[in-house]
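Chemist: According to TrEMBL, the protein has these features:
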type     : residues : note
COMPBIAS : 66-80    : compositional bias 'Basic and acidic residues'
COMPBIAS : 88-103   : compositional bias 'Basic residues'
REGION   : 14-35    : region 'Disordered'
REGION   : 66-105   : region 'Disordered'
Amino acid sequence: MGKRDNRVAYMNPIAMARSRGPAPSSGPTIQDYLNRPRPTWEEVKEQLEKKKKGSKALAEFEERMNENWKKELEKHREKLLSGSERSSRKKERKKKEKKKSSRVSKEFSLFQYICR
């Protein structure tokens, strides 16, 4: 018993695509794009003015926010400065205490040296 012939003829994909014809366009054509309605010069000017007004409102809002932020920073700086004055007083006290303790330790070491 012989094998059956199950070979398939080669199908050229480019030739098949050409035989189907041109592909239908899915979107607007170039002509449609060129013929689309466009705003007049006056309408463009109005749109630009509206954008400027919107940006002015945004600028005012940002200015207010910046002022509030500056006030908060000033308050924070004042707190830090008042805290640093306190800490500088504490540092001075510690320095005085160290000087006193060093005097005492020097005297004590001198006393020990003499006693030997």
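Quick reminder: no glycine exception, Cβ is built from N, Cα and C everywhere.
Walk me through where these features lie, including what they touch and how far apart they are.
Modeler: Secondary structure of the region 'Disordered' (66-105), assigned with DSSP and counted as helix (H, G, I), strand (E, B) and coil, comes to 40 helix, 0 strand, 0 coil.
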Chemist: On the DSSP side of things, how many residues of the region 'Disordered' (14-35) fall into helix, strand and coil, could you say?
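Modeler: Per-class counts: 12 helix, 0 strand, 10 coil.
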